[in-house]
Amino acid sequence: MKILVLNAGSSSQKSCLYYIPDDARSQHISTELWSASIDWTKQEGMANLKVESNGLVVEETQATNDQLAVMKRCFETLCEGDTAVLETLAEVDFVGHRIVHGGRTYQQPTWITEDVKRTIEQLIPLAPNHNPANLEGIKLMEKLLPETPQVAVFDTAFHSKIPTTSAIYPLPYQWYEQGICRYGFHGISHQYCAEKTAKLLNQDLANLKLVTCHLGNGASLAAIKNGHSIDTTMGFTPLEGLMMGTRCGSIDPGIVIHLLREKDLTLDQVDVMLNKESGLKGLSGISADMRSITTEMENNDRAKLAFETYIHHLCRQIGAMVASLEGLDAIVFTAGVGENSAIVRQETCQRLGYLGVDLDVEKNKNSPKNEDIASNNSQVRVLVIHTDEDSAIAQTVSQIA
Ligand code: ADP
């Protein structure tokens, strides 16, 4: 079957077409036939379209703000010209969407209906930066592929079974009843990495205690036991937990009260400060990008402070996940920083020596991908996994189709 996956953000849309043989649905075998990204951030009123297929990379620019028109052009490249891999769009069997917030309602991938769309809309206050774009993506696909069944795969779903003691905040109980609790995010990636780790270690996921570290611009950890997320660092929103590129992660909520009460800041200003002006960017004053931080930290004290604080928070929270797991078999690094920054992995693992973590320094340096980089003596395995949320969504869709 052919499955088109759409990952729709507010300023970019990524789509991939996968082929999954009918007899390989449960085996995680998929072939990426075509991928495209639309980026609206490069120039006001301009969409940059980049298509990769048949070994080619084709780029073009569309001077319009009309999302439907650009998506239509994007999908024309599926069936026309050198990038074509289909005769007609009708060959797409299913569309899978990454939906960031499924609240308490959606703990499984779900066929999209009017009801499902309404619920995703109702959840917008919980994910104001993501759910509106996700919903818009669904509506665009309904216009472009009206006959094709669509499935929503939720980033919160993998965490939906974390124990109440981890999900609940110690606030007045009625807030919990009103849905103010830990949801957790990056679930598609955490689950994908956990399954891939079990395969690479040739072990049953049900017997493993894992801490998966999804370290991208946004970053979160998951404590995974018996194949389930039992704890995670992100919470009610993606702001909690680790220090990130521009987000502060966990801070004393009293700081927010202080800023609002004493510093005469508006709510929106505090929101921007915590989400966009903090983290690596806020501490270094240089960049939210770990590449710039590690390059600059030789000569710049603030960059060094930002790096060391990032590692401190990461190790502290890994410790918290290990406490929830009551043990540890493997640590998994993934996403932009986790997959590419040897120094982040080295500094982190060095500080986790007390847990029996021992890195093979050479393996760590040699751009590992889907590899165990712990030394032979290490009591805890250390893996670098290339996360592939889109193929995970395609696989999930194929399993319910
Ligand atoms: P997102 O969280 O937006 O999906 P990614 O997972 O791709 O993004 O992570 C992007 C981040 O990964 C960049 O901002 C940068 O900090 C980091 N990154 C990417 N490549 C490297 C690298 N070679 N070394 C260190 N950090 C890197």
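Glycine is no exception: its Cβ is also placed from the backbone N, Cα and C atoms.
Database features (TrEMBL):
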- ASN7, GLU389: Mg(2+) binding site (BINDING)
- LYS14, HIS214, LEU215, GLY216, ASN217, GLY218, ASP289, MET290, ARG291, GLY336, VAL337, GLY338, GLU339, ASN340: ATP binding site (BINDING)
- ARG98: substrate binding site (BINDING)
- ASP155: active site, proton donor/acceptor (ACT_SITE)
- HIS186: site 'Transition state stabilizer' (SITE)
- ARG247: site 'Transition state stabilizer' (SITE)
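Structure with TrEMBL features highlighted.
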residue : record                             : CB count, 10 Å
ASN7    : Mg(2+) binding site                : 22
LYS14   : ATP binding site                   : 18
ASP155  : active site, proton donor/acceptor : 26
HIS186  : site 'Transition state stabilizer' : 31
ASN217  : ATP binding site                   : 16
ARG247  : site 'Transition state stabilizer' : 26
ARG291  : ATP binding site                   : 12
VAL337  : ATP binding site                   : 26
GLU339  : ATP binding site                   : 19
GLU389  : Mg(2+) binding site                : 22
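A 10 Å radius around the C-alpha of ASP155 (active site, proton donor/acceptor) takes in none of the recorded positions listed as ASN7, LYS14, ARG247, ASP289, ARG291, VAL337. Binding of ATP is attributed in the record to LYS14, HIS214, LEU215, GLY216, ASN217, GLY218, ASP289, MET290, ARG291, GLY336, VAL337, GLY338, GLU339, ASN340, and the widest Cα separation among these residues amounts to 24 Å. Listed in sequence order, the recorded positions among LYS14, ARG98, LEU215, ARG247, ARG291, GLU339 whose CB lies under 6 angstroms from an atom of ligand 1 come out as ARG291.
Nothing from the recorded positions LEU215, ASN217, ARG247, VAL337, GLU339 places its Cα within 10 Å of the Cα belonging to ARG98 (substrate binding site). Rounded to the nearest whole angstrom, the C-alpha distance between ASP289 (ATP binding site) and ASN7 (Mg(2+) binding site) is 22. Across the fold, the C-alpha of GLU389 (Mg(2+) binding site) and the C-alpha of HIS186 (site 'Transition state stabilizer') stand 9 Å from each other. Cα-Cα distance from ASN7 (Mg(2+) binding site) to LYS14 (ATP binding site): 5 Å (rounded to the nearest whole number).
Counting only the Cα atoms, the space from LYS14 (ATP binding site) to ARG247 (site 'Transition state stabilizer') is about 23 angstrom.
DSSP assigns GLU339 (ATP binding site) to a helical segment in the three-state reduction. Note: the Cα of VAL337 (ATP binding site) and the Cα of HIS186 (site 'Transition state stabilizer') are spaced 15 Å from each other.
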